[in-house]
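Q: Sharing a structure below in structure tokens format, with a few things to ask.
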Amino acid sequence: ARMGLPALALLLAVGLLHTQASPPAGSFQLDYENDCFRKDGAPFRYISGSIHYARVPRPAWRDRLLKMYMSGLSAVQVYVPWNYHEPLPGVYDFAGDRDMEAFLDLTAELGLLVILRPGPYICAEWEMGGLPAWLLWKPDIVLRSSDPAYLAAVDSWLHVLLPKIKPRLYQHGGNIISVQVENEYGSYYACDYGYLWHLLGSFRVLLGSEVVLFTTDDSRVEELRCGTLPGLYATVDFGPGFNVTEAFGAQRQVEPKGPLVNSEYYTGWLDYWGEAHASTSSVRVARGLEDMLQLGANVNMQVVSWQGHSLGGRYMFHGGTNFAYWSGADFKNQYKPVTTSYDYDAPLSEAGDPTEKLFAIRTVISKFQPLPVGPMPPATPKYAYGQVALRKYANLLDVLDVLCPSGPIHSQFPLTFEAIKQAHGFVLYRTQLPRDLLDPATLSAPPHSICDRGYVMLQQEYQGTLERDGQTVLRVTGRAGDTVDVLLENMGRISFGANISDFKGLLGNLSLDSNPLSNWLIYPLAIDTAIEQGWPHTALPKSGSRTRAGPAFYTGTFETPGITWDTFVKFPGWSKGQLWINGCNLGRYWPRRGPQQTLFVPGSVLHVGCPNNITVLELEGAPPDPFLLFLDQPLFNRTLS
């Protein structure tokens, strides 16, 4: 079964360590003779936990890392999402929340070692597994393979990324002790050894010959065969309840000597929209951790999602939040988008608060090594700012001039997001009824052609929603020439498995009583760009907005009582949409489907002494008297978490 989630990822390297003669200074090595790791020639065991800087606001990095250090961890495991840093080919962003180097320097400042996982593919329930959507501008590209177009993009990225990493390697005086190549490649259908050899060569050229390079795969022999190569140390992942002897036995078939390593020991569970909020017993997690440590293991704590017959690691000591559009999706007989919250029942909650699970883990760690001196930093302060009334600003269809200033693209048939070079968010597709429909006619989409939700309007009146692997038919009436609008929402590209070439938008033509519609106007919507520039709060309200149903913008403001503490916003009576506060995209809300009922609002996005601007894009229907409710606790499954 595939596991993926955050909460804890445990890297286990089993074996007693013995000193070597005259080791080089600043060395971290595999000792095949004694089946162990060596740090500076001396016996060494690390206990590590995963954190994703891309899911944590930069002002909170220090707080989260300090809590991890005070939990007794000696290392952190870190992914680098390629698409977070290269939004367009050759355009790189390492500023602000994306300042990976500042994050790595902070780990060093706090005395934490780093196990780095730079991909290029990472999974992590992140949009497209960290691969940039612009790779799909070439529709026939074969991702994670020796496809020349894919390798050219990978090479360009690695020549930017890895030179930033090399000075921070342990051998160069830094704190990065090992680097993963690819991620769970054995679970991917391609099994392309040429691709792995290419990556191995690139990593060695750009990082040098001394750094420990490793791979991680499910503890099934067939996946280990496809997932690694000579020169890449093969590790496995498995969670509580697995037979440890059998799992490590699979690793031994690939690595007869060297440390036994579980790179992802799962301690939490993944949430999908429309399913129950997941949790994992603290007692079970602590017991499994203690069993591992009694073997002399190095441990990286992770959380888990369970899927079918393979493991895919999501391993968080602190999960954080899928802000904006960064949440990924899985495919298990159907498309399963991941929630905005990446809490994953991790030891540190989404808001960075120590949990019962953290203290249970800390108690186990204390049995094997001394804990840092001093108290565990407390939970961050929360504030219930209360109820904030909103008013309708405009229907989305009334502000296309703002959201698509360049105007629409004309096409006989629909084009995908990728064909019009739109990575995330929303695209509007517009056409006209070709004839009078006095009796209800069937508006339908071909199977698997709505990616991922389509909000249908006829003459600006909301008709209903078409959905991937869900409803694909509506009954409509109207006159010839009436305008048909379909707002397509990208809910996140698949991040694991063979389906990661996950094109978005209308992938096939809509039909009216089996007759294809044609002559489309396609509007790529730059909603975030407009909101970041102050819209709609700097604009006059639109008049004449009639119905409450269908895609529309709502605005409001509130002031804080001299503090900017973290908070959680609830959406009473709302359906589904997107939230911005002070121009910051805080992600998707969907209380009608759940389990997540609130969105986390970091205090760092709030202002003191001036109004905080709220913008909501509601996609289906707001309540009659719309308001938001700010709480000091999150809500899942409609009950206090």
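Just so it is clear, glycine is given a Cβ too, placed from its N, Cα and C backbone atoms.
This is the feature table in TrEMBL:
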- E264: active site, nucleophile (ACT_SITE)
- 37-367: domain 'Glycoside hydrolase 35 catalytic' (DOMAIN)
- 414-525: domain 'Beta-galactosidase 1-like first all-beta' (DOMAIN)
- 551-609: domain 'Beta-galactosidase galactose-binding' (DOMAIN)
- 1-21: signal peptide (SIGNAL)
Q: What counts of helix, strand and coil residues does DSSP assign across the domain 'Beta-galactosidase galactose-binding' (551-609)?
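A: Taking the domain 'Beta-galactosidase galactose-binding' (551-609) as a whole: 3 helix, 28 strand, 28 coil.
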Q: Relative to the Cβ position of E264 (active site, nucleophile), how many further Cβ atoms are located within 10 Å?
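A: E264 (active site, nucleophile): 35 neighbouring Cβ atoms within 10 Å.
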Q: With DSSP helix as H/G/I and strand as E/B, how many residues of the domain 'Beta-galactosidase 1-like first all-beta' (414-525) fall in helix, strand and coil?
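A: Per-class counts: 0 helix, 56 strand, 56 coil.
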